[in-house]
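Note sheet for the following structure.
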Amino acid sequence: MTYFMLFLGLCFVLGGLGVASNPSPYYGVVGLVLASVVGCGWLLSLGVSFVSLVLFMVYLGGMLVVFVYSVSLAADPFPEAWGDWRVVGYGVSFIAVLVVGVVIGGLVECWDLGVITVDSVGMFSVRLDFSGVAMFYSCGVGMFLVAGWGLLLTLFVVLELVRGLSCGAIRAV
């Protein structure tokens with residue numbers, strides 16, 4: 001199980017690296033899907049089934065819509081692929097930063113965290129992630145609405161930015 005968790009963590013980092021190297025929106029969506037599937041599988045193996053399902057629906061329902069709009073509005077005739085030198089340079093630099101972070105974290109010895117699941121202990125009969133979802137929708141409804149409006153505003157900002165220099169609000173005067 002430890003090797004499986006290590007493999008999921010490595011695949012999650014590689015998916016994030018695929019999004020961060022950003023060769024083109026065509027290829028960035030592949031990294032996003034890989035990172036979301038592996039991240040939700042990682043949460044599922046820790047026992048957080050409901051949160052994993054909700055995150056999977058949000059990532060694939062919300063983020064892929066933004067990528068579809070970006071791809072349709074910023075179509076490149078010759079997109080950069082994974083093998084281009086600039087994309088490979090980004091990937092190598094991100095991996096170098098990750099290795100430096102792991103080395104510094106090993107020197108500081110901050111990796112003694114352990115793995116904690118969401119199973120309740122003792123007389124409790126409700127899992128902790130289900131009770132957290134109930135608290136989220138009861139006490140946190142105001143912040144939930146603010147976050148929804150923020151995501152809607154972000155969608156409109158991204159659509160306006162990728163619309164083009166000649167038609168959008170950001171253009172040369």
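Just so you know, glycine gets a Cβ as well, placed from its N, Cα and C.
What Swiss-Prot annotates here:
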- 1-21: transmembrane segment (TRANSMEM)
- 27-47: transmembrane segment (TRANSMEM)
- 48-68: transmembrane segment (TRANSMEM)
- 87-107: transmembrane segment (TRANSMEM)
- 139-159: transmembrane segment (TRANSMEM)
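If one looks beyond the transmembrane segment (27-47) by at least 6 residues along the same chain, the residues whose Cβ comes under 8 Å of a Cβ in the stretch are 1, 4-5, 8-9, 11-12, 14-21, 53, 55-56, 59-60, 63-64, 67, 71, 79-82, 115, 117-119, 127.
Most Cβ pairs under 8 Å with the transmembrane segment (139-159) belong to 48-68, among the candidate stretches 1-21, 48-68, 87-107.
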